[in-house]
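A.B. asks: Quick one: the structure is below, questions incoming.
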Amino acid sequence: MTEYQVWAPEASRVEVEVDGSAHPMTRLPDRDGWWTAVGPSGDYGFRLDGGPPLPDPRSPRQPYGPDGLSRPVDHAAFRWSDTPWQGRPLPGAVVYELHIGTFTPGGTFEAAIARLDHLVELGVDFVELLPVCPFPGRHGWGYDGVSLWAVHEPYGGPDGLKRFVDAAHRKGLGVILDVVHNHLGPSGNYLPAYGPYFTDRHQTPWGSAVNLDAPGSDQVRAYLIGSALGWLRDYRIDGLRLDAVHALADDRALHFLEELSTSVDHLAAATGRPLFLIGESDLNDPRTTNPRQAGGLGLTAQWSDDFHHALHVTLTGESQGYYADFAREPLAGLAKTLTKGFFHDGTWSSFRGRGHGRPFPTRFGHRLLGYTQTHDQIGNRATGDRLAATLSPGRLAAGAALVLTSPFTPMLFMGEEWGAGTPWQYFTSHPDPALAEAVRQGRRREFTAHGWSADAIPDPQAPATVLASTLDWTEPTAAPHAELLAWYRRLIRLRRDHPALTDPDLAEVRVDHDEAARWLIVHRGPYRLAVNLGPAEQLVPTTCTSLLATFGRAEATDDGLLLGSDSTALFRS
């Protein structure tokens with residue numbers, strides 16, 4: 001027999017329907033709004049006041065998709081084989097972001113397991129999975145998920161995710177999971193039927209905010225924290241990436257993120273392995289990652305869009321939208337992020353039309369993730385074009401070197417290590433025709449307003465869009481991809497072998513640059529990274545005693561380092 005429980009504070013009568021048979025539920029006297037019943041184990045849903053059976057908000061499995069019945073999962077029944085894995089802390093690591101549905105043509109956890117050796121040979125430490133909660137249809141990015149305790153069935157369901165984590169751990173790879181707490185998808189979201197999971201007190205880009213501070217918010221917070229702890233405990237995930245934490249509207253004295261980080265730290269102590277939280281935040285507020293004891297929210301790290309934007313403008317010359325703030329002196333902007341963390345640390349932002357940010361504590365560069373590409377920065381472009389579509393291999397190599405020798409925690413996006421020729425576009429597979437058309441037209445309106453032809457915008461619903469976004473695994477061994485892949489492997493190995501290259505103290509970083517000539521030198525202890533992004537060969541004023549790695553042309557002379565156009569050298573001074 002199975003005990004079923006659900007929070008439905010506004011219902012007068014609740015039944016649990018199991019395999020077609022209804023079982024009345026009774027109120028729990030010591031838990032306000034909670035109902036309970038004991039019944040047989042099977043596919044189930046909750047009937048509220050005589051309505052149709054709805055999926056369990058805490059459903060551990062949705063075998064028929066977001067709109068179907070729920071199914072119990074016995075997490076203790078899975079046989080783990082990763083006993084030697086004790087976890088590892090985030091500082092000093094290299095992270096690799098991937099999307100299960102497009103990482104391989106198979107688009108499943110099992111298919112991804114077959115490619116883990118590639119990641120081991122690359123040298124990364126953590127795999128960061130884009131969200132895996134159920135969403136409508138077969139294909140999607142995962143950010144419109146529902147059933148926040150369950151796993152997308154087409155990927156392989158709960159056991160598929162466990163097998164992936166188990167296999168990764170056996171190979172020495174940690175696993176980070178991207179989770180979305182700031183909204184639920186527009187289809188398959190039954191939470192409002194159960195209780196006040198959302199509130200009009202705050203508005204977000206997705207509508208009414210998740211209820212973190214209005215009446216009933218204690219249970220909503222417990223719902224989200226319970227989901228987070230479940231991934232870390234039941235699936236042995238090592239860390240969570242929290243989507244757009246700036247959209248978690250919460251006016252309570254104890255912020256939701258502080259409560260979450262406290263709960264995760266308690267679980268880490270109980271399990272004896274390091275667990276961590278990474279936030280996506282555009283606030284440029286160091287309190288996001290400051291310890292709770294110092295008045296912060298206690299997250300381990302956050303994504304650094306300032307570093308990305310400065311590096312992107314330096315490599316591409318683009319200046320539209322939020323890149324405008326970095327376009328006047330790109331190398332100076334890049335130098336500031338490498339030595340100060342935030343570009344906007346209280347400075348004027350022309351994009352926002354106001355001052356933005358606060359100074360970042362320079363001793364803790366590892367609290368910022370650095371990257372040239374992410375799912376957002378590629379997929380939210382009109383055609384999903386990667387940097388490899390427009391930049392030379394030399395420029396790609398320069399970007400990789402600036403990330404992988406930085407004082408930040410480096411992160412790669414799947415396929416960038418070989419300059420993948422496949423785009424990564426926005427794709428959906430909404431079964432609801434009206435929603436599908438709304439998404440299609442919304443995408444077209446967004447980009448035609450910025451000068452794109454409507455015909456140039458990939459149709460999110462077209463099977464060809466997700467197919468085009470799937471990695472081509474014949475590329476890594478072919479030219480010019482193989483040379484770039486070898487470069488990434490070399491840089492990651494050097495980062496691991498030379499502790500000065502992982503030193504997170506931004507105050508110890510110095511950057512020399514020439515904005516007009518387009519070269520820069522990053523000083524990392526006894527090591528130097530020299531990059532020439534100019535159109536001509538440059539004699540860079542530095543002393544080179546031994547070259548560790550070069551891409552392009554680099555020659556040490558008595559007068560300095562001779563660097564070819566779009567060439568990079570890592571050397572000891």
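Easy rule for this one: first residue shown is 1, then count along the chain.
Any Cβ shown, glycine's included, is placed from N, Cα and C.
In TrEMBL, annotation is done automatically, which means it is predicted and not curated.
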A.B. asks: If TrEMBL is the reference, give me the range from 46-68, 276-298 marked as region 'Disordered'.
C.D. replies: 46-68
A.B. asks: Pull out the recorded positions from the set D243, H308, D376, G379 whose C-alpha sits within 10 Å of the C-alpha of E280 (active site, proton donor).
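C.D. replies: Within 10 Å Cα-Cα: D243.
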A.B. asks: Report, as numbers and ranges, every residue of the chain located at least six residues beyond the region 'Disordered' (46-68) whose Cβ falls under 8 Å of a Cβ in that stretch; write 'none' if there are none.
C.D. replies: 4, 6-8, 11-17, 22, 25, 75, 134-136, 146-147, 149-151, 153, 157-158, 185, 187-191, 193-194, 197, 223, 226-227
A.B. asks: Please identify, among the binding-site residues D305, H308, D376, G379, the one with the smallest Cα-Cα distance to D243 (active site, nucleophile).
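C.D. replies: Going through D305, H308, D376, G379 one by one, the Cα closest to that of D243 (active site, nucleophile) is D376.
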A.B. asks: Residues with Cβ closer than 8 Å to the Cβ of R241 (substrate binding site), same chain and 6+ apart in sequence?
C.D. replies: E128, I176, L177, D178, V179, I278, G279, E280
A.B. asks: For a quick check of understanding: among the binding-site residues D305, D376, which residue's Cβ has the most other Cβ atoms within 10 Å?
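C.D. replies: The most densely surrounded of these binding-site residues is D305.
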A.B. asks: Please state whether DSSP places D305 (substrate binding site) in a helix, a strand or coil.
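C.D. replies: Assignment for D305 (substrate binding site) reads helix.
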A.B. asks: So if I draw a 10 Å sphere around the Cβ of G379 (substrate binding site), how many other Cβ atoms end up inside it?
C.D. replies: 19
